[in-house]
Amino acid sequence: MVHADGHNFPGSDPNPHMNKFAFGCAIVASIISIIFGYDTGVMSGAQIFIRDDLKINDTQIEVLAGILNLCALVGSLAAGKTSDVIGRRYTIALSAVIFLVGSVLMGYGPNYPVLMVGRCIAGVGVGFALMIAPVYSAEISSASHRGFLTSLPELCISLGILLGYVSNYCFGKLTLKLGWRLMLGIAAFPSLILAFGITRMPESPRWLVMQGRLEEAKKIMVLVSNTEEEAEERFRDILTAAEVDVTEIKEVGGGVKKKNHGKSVWRELVIKPRPAVRLILIAAVGIHFFEHATGIEAVVLYSPRIFKKAGVVSKDKLLLATVGVGLTKAFFIIIATFLLDKVGRRKLLLTSTGGMVFALTSLAVSLTMVQRFGRLAWALSLSIVSTYAFVAFFSIGLGPITWVYSSEIFPLRLRAQGASIGVAVNRIMNATVSMSFLSMTKAITTGGVFFVFAGIAVAAWWFFFFMLPETKGLPLEEMEKLFGGGGPRGDRDGLEIQTKTISILEVSHKSFSQLKK
């Protein structure tokens, strides 16, 4: 990347070609997101059949839908520390196992309590998946392709949601007792696929550096880089950001002993953060808050009810209209993955949020007209178009950018725990919307709820405008400077670390050449 004055950012990646190995790793890691998306989307239609089979009421449906996100809150908070201890790779494997157990229990589901237990276990897996997939993708990506690779988990969530909607339509034609159980239980199969795929995935080189395993980190950096020079440059930036002190290097199998600064990650992140880290945390928490406070979960989870309020009465037509929501979401996220590294995060985010304001307002008006004057052909058409427009604007910006942005802005030492805080806020808001939407529609009408979402979207636009700078093309190790920081421990200490780090790389230059061969 280049400054306005024409100088290159250190560590920027001038190579326009995407590394195929890094792309493959990001794809495998994103499979876990397909499972989460499927669990979210399939509940949209499955709840119709669960209500009829288990004879449960609206409150129980709200709890069943929302409990996934409350349990995901627990999973996301645990995932940060877990990934720092056992590594990014095995954290993905752990989340797959948790999903597998939850899916089997939901597919069995003889009664409401067992179904709830399965949903809770799957929710813990959701928390792990939402935190680890974007972080892993960001840590193996080069700066020039990080937006694309880090947005793959969000794309896979959308594909999973679409598959859930299609599953609703297909399995909905089976018997009442069998149909919804197959909808929920079939999610176990992708978990098995991931269990095999994980064996071919390398560990994050940034995590390996944090563990002092430099030799392994160098080997993987060569694999995920296009040239020897790029690998060296990225490795130098990682060592600097990780605050490796070369005065304490021990040549034991290529490892290092890092200086322990005696500072808790949570202390640096929450209790006494540096000014730049405080701004980063506010940005991450804010974007996760607004992603769901603007109402996307209400549309994804309750779209059949929204279309029914608008005047669509046939069960088949309701499910088909819901499939349209999934198709729209997947299509526009695919477009977003190719625009993130060209247009940039900020422009897409502001355009996306502005479009959401107009779509939500239009949807609120059409639903209010139906509520007051009965079924109107133009209001029905407008509500469907507005719903699709809202999903499209969300999916081309706020949806994928939330995960890309929050996984790339934290300093290396704080990244996993910082990302877990963002996911925790995300799940709290998701649960709040999913567990209160039906109650709110009864209190202030469906149209009134979407007027509230439109107002929140306006606040979101202003927050993004003032608090979120552009990160396109900037190396992960430079993010703190973007928010006003001077490196891991300030400009002076950072310069000393970088000077020492260069001496490591001069000594290990030959090893890179040997590894490349």
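Placement of Cβ uses the backbone N, Cα and C atoms for every residue, glycine included.
TrEMBL: automatically predicted annotations, no manual curation.
Per TrEMBL, the feature transmembrane segment maps to 21-39 (among others).
Averaged over the domain 'Major facilitator superfamily (MFS) profile' (25-472), the predicted model reaches a pLDDT of 83. What TrEMBL lists as domain 'Major facilitator superfamily (MFS) profile' is 25-472.
Feature annotation from TrEMBL assigns transmembrane segment to 59-78 (among others). Non-local neighbours of the transmembrane segment (59-78) in the same chain are 39-40, 43, 47, 50-51, 95, 98, 112, 115-116, 119-128, 130-131, 301, 420-421, 423-424, 426-428, 430-432, 434-439; each lies 6+ residues outside the stretch with a CB under 8 Å from one of its CB atoms.
Annotation source TrEMBL lists transmembrane segment at 90-108 (among others). Residues 29, 32, 35-36, 39, 75, 79, 82-83, 114-115, 117-125, 128-129, 132-133, 136, 181-182, 184-188, 190-192, 194-195, 198, 201 of the same chain, all 6+ positions outside the transmembrane segment (90-108), place their C-beta atoms under 8 angstroms from a C-beta of that stretch.
Positions annotated as transmembrane segment by TrEMBL: 114-136 (among others).
Sequence annotations record features per position, and here TrEMBL assigns transmembrane segment to 148-166 (among others).
Taken from TrEMBL, the feature transmembrane segment covers 178-198 (among others).
Annotated transmembrane segment per TrEMBL: 276-298 (among others), in sequence order.
Outside the transmembrane segment (318-341) by six or more residues, the chain places 41, 44-45, 144-148, 151-152, 154-155, 158-159, 161-166, 168-169, 172, 299-300, 303-304, 307-308, 312, 348, 384, 387-388, 391-397, 399-401, 404, 472-473 with a CB less than 8 A from a CB of the stretch. Residues or ranges marked as transmembrane segment in TrEMBL: 318-341 (among others).
Residues 290, 294-295, 306, 309-311, 336, 339-340, 376, 379-380, 382-383, 385-387, 389-390, 392-394, 396-398, 401, 405, 445-451, 453-454, 457-458, 460-461, 464-465, 468 of the same chain sit 6 or more residues outside the transmembrane segment (348-370) yet have a Cβ under 8 Å from a Cβ within it. Positions annotated as transmembrane segment by TrEMBL: 348-370 (among others).
Feature annotation from TrEMBL assigns transmembrane segment to 376-405 (among others).
What TrEMBL lists as transmembrane segment is 443-464 (among others).
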Tertiary contacts of the transmembrane segment (376-405) (same chain, 6+ residues out, Cβ under 8 Å): 130, 134, 138, 146-147, 150-151, 153-155, 158, 283-284, 287-288, 290-291, 294-296, 299-300, 303, 306-307, 310-312, 321, 324-325, 328-333, 335-337, 339-340, 345, 348-356, 358-360, 362-363, 365-367, 369-370, 426, 460, 468, 471
Positions whose Cβ lies under 8 angstroms from the transmembrane segment (114-136), at least six residues beyond its ends: 25-26, 29-30, 32-33, 35-36, 39, 50, 54, 63-64, 67-80, 82-83, 88-89, 91-92, 94-96, 98-99, 101-108, 150, 153-154, 156, 184, 187, 204, 403-404, 406-407, 415-416, 419-420, 423-424, 426-427
Selection from 148-166, 178-198, 276-298, 443-464, the stretch that has most Cβ pairs under 8 A to the transmembrane segment (21-39): 148-166
Close approaches to the transmembrane segment (178-198) from elsewhere in its chain (Cβ under 8 angstroms; 6 or more beyond its ends): 28, 31-32, 34-35, 38-39, 42, 45-46, 49-50, 53, 89-90, 92-93, 96-97, 99-100, 103-104, 106-109, 118, 122, 164, 167-168, 171-172
